[in-house]
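Peer 1: Handing you a structure now.
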Amino acid sequence: MELVRQNNPLIHCMTNDVVMNFTANGLLAIGASPVMAFSAAETEDMASVADALLLNIGTPSNEGVDSMVLAGKAANRAGKPIIFDPVGVGATPFRNEISKRILNEVDVAVVRGNAGEIAALLGQAGTVKGVDGKINADVKELCLQAAKALRTVVVVTGEVDAVSNGEQLVAVANGHEWLTKVVGTGCLLGGVIAAYAAVQPNSLVDAAVEALAFYGVCAEQAYEQTKKEGIGSFQQTFLNELGNMTDEKAAALKRVEQIC
Amino acid sequence: MELVRQNNPLIHCMTNDVVMNFTANGLLAIGASPVMAFSAAETEDMASVADALLLNIGTPSNEGVDSMVLAGKAANRAGKPIIFDPVGVGATPFRNEISKRILNEVDVAVVRGNAGEIAALLGQAGTVKGVDGKINADVKELCLQAAKALRTVVVVTGEVDAVSNGEQLVAVANGHEWLTKVVGTGCLLGGVIAAYAAVQPNSLVDAAVEALAFYGVCAEQAYEQTKKEGIGSFQQTFLNELGNMTDEKAAALKRVEQIC
Amino acid sequence: MELVRQNNPLIHCMTNDVVMNFTANGLLAIGASPVMAFSAAETEDMASVADALLLNIGTPSNEGVDSMVLAGKAANRAGKPIIFDPVGVGATPFRNEISKRILNEVDVAVVRGNAGEIAALLGQAGTVKGVDGKINADVKELCLQAAKALRTVVVVTGEVDAVSNGEQLVAVANGHEWLTKVVGTGCLLGGVIAAYAAVQPNSLVDAAVEALAFYGVCAEQAYEQTKKEGIGSFQQTFLNELGNMTDEKAAALKRVEQIC
């Protein structure tokens, strides 16, 4: 976190229409600089100067994906980490196709999704409902398997989050259920992982684990302050926490388990 | 409300760019699952699996309307209710054309608008200013007449809301003026009506009336808590109320009058 | 401010995808009526009936700029003031091109940007990072020079804001650093200047100075109330202040210096 605040990384967010504002405010809160650019006329230029690229297909279109692939290739050429968030993959054939296309044409550093989405990326059947789907799956096994198959770091978020690069496997138990009651908290998490990856590009598992623990602790603290009020207050207080949380406090409250 | 929270209906929102985030957060607050999908490459698939479809033309485009018509026809085939919110119709010829097109090509279950918008749908002249326009009109008569002409349930919102299916006419007096000071409260109301319609598809007048009363009571409660602070606080507290309100409390505070 | 609240000007916002909601809520808070319309099928009609037009290129596309030019020409024909916010110009060649195009084809009344953006409009090299870039520049000199070169009123925002029409030069010292921690505060400021310009079209320097002082005082007041909580609370309280601030209070707290 201190590294993010000191280095103020520029995160090029190609994210969905619903969560842009919340993502930008969350990234500003943690000390990163968000920039949004979507047109094929400039995404390569923007991806080249940014410190990391976030690709999120929450409201996908054909032109949007063309632009994402251009940006992704530019980020690859510039050696900048790419975080891919396959929102709602499994819900429609279109999202399956474009997810495959992005994974084929772009060298992704970290993939983040819920269990249903990660299973869908592997072609496994599951019941995905909208973008907050849950499937019955052994999340840890799924994470390890996906990381091997996709050859990236994989983050499976859920009640307990799992992170793997195909060899290591780490579980993060922080977080709160109310995160699922605010739209874009998963999408912003992708941005926060991008910010951590931008300042620690050579240890992506650590970057993802620290981002998850930090994020989860902020949610827990925000819930404690707003549980009597409701999720409108939670959303605002969560942004306060993202801005105020220190590495020391996050380290003291984190619940991280190295599994292998 | 309890039905919504138990059934957690999936609402496919094809709404405008300004209010997507607020709409999604409001639907999550009441216990529904929002999903946004706009591309013609997937709107039919999404509309088929969702429990209701919201069409809102607040920031219209030709491609967007093509997509809406595809989604609407798919929802019709699947027997899912469609709520149409003709935002700003009357303000430009383009909005008049696309509103006609949607009403001609799609079988809409509920139309929601302010008096100016509903009058414009009927081809009646009025002074519509932006998207919060008001015209002089006998709202109840307008509502009944529009429901007959459009052969749908019509909701005319204003100081007192009116709901009609062309035979019944119900007035709902709940609500607060500060709702007009937060962008997207009308649009979110369309989403809330969609959620109620999804769980009560065979009694759409009741669904709309209950949604209006619930929504209005939440606004009244939020105003009481924030009137000394201002509309920024009102917006947040309104989301708290949407999440916390019970059927019992809403029933005790509702001001509903069956007119015919 | 009282003029805005009395006249309730309709502001046609062609702004970026990230800040639409915040811009609309901020304009509602000050008593203006925002309307968003982007499609070439209706932007001319909307610009003709609105009282001012805001052009903001924060998330630009080729079609979007075509639409902006159409709207701009229609606003020019109707004699309505246009506020241009060249977000991120200097960051990519595309933003440089479209900024030139808008300034060439449309008669802009006020240009608002940070020092890096205004310098980029003049073709001066600078280090622009994302959309919150800072460059070393004598801001007042830059403002005067830009106003002469562009033949518009120019607003350069920063720690101290500068306003010039090429002859007069005014500095406004109000504001707070936390404004840079909430996305869209610069963009909303463009909308607020548009609202002031709509009700004072013949004294645009005064309109811009009053808008800046008002806006800055609201930020200072919001910071005082939320500095112990954080920037999530600041964002909400800033909206409260925009709604509650009076001309008298703003006049008492403004820090405005007429330089020439």
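From the backbone N, Cα and C atoms, a Cβ is placed for every residue, glycine too.
Under the heading substrate binding site, TrEMBL lists C:MET36, C:GLY184. Summarising the annotation, TrEMBL assigns ATP binding site to C:ARG112, C:THR157.
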Peer 1: Of these binding-site residues, C:MET36, C:ARG112, C:THR157, C:GLY184, which are close to chain A by the rule of a Cβ under 8 Å away?
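Peer 2: Cβ contacts with A, in sequence order: C:GLY184.
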Peer 1: Write out which of the listed binding-site residues, namely C:MET36, C:ARG112, C:THR157, C:GLY184, lie with a C-beta under 8 A from a C-beta of chain B, sequence order kept, or 'none'.
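Peer 2: Listed in sequence order, the binding-site residues near chain B are C:MET36.
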Peer 1: Using a 10 Å radius around its CB, how many other CB atoms surround C:THR157 (ATP binding site)?
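Peer 2: Counting Cβ neighbours of C:THR157 (ATP binding site) within 10 Å gives 26.
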Peer 1: If you draw a 10 Å sphere around the Cβ of C:GLY184 (substrate binding site), how many other Cβ atoms fall inside it, taking every protein chain shown into account?
Peer 2: 27
Peer 1: Once near-sequence residues are set aside, which residues in the chain of C:MET36 (substrate binding site), 6 or more away, have Cβ atoms under 8 Å from its Cβ?
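Peer 2: Same-chain residues close to C:MET36 (substrate binding site) (Cβ under 8 Å, separated by 6 or more) are C:HIS12, C:CYS13, C:MET14, C:THR15, C:MET20, C:ALA24.
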Peer 1: Does anything in the same chain, at least 6 positions from C:ARG112 (ATP binding site), have a Cβ under 8 Å from its Cβ, and if so what?
Peer 2: C:ILE83, C:PHE84, C:ASP85, C:VAL154, C:VAL155, C:THR157, C:GLY186, C:LEU189, C:GLY190, C:ILE193, C:ALA208
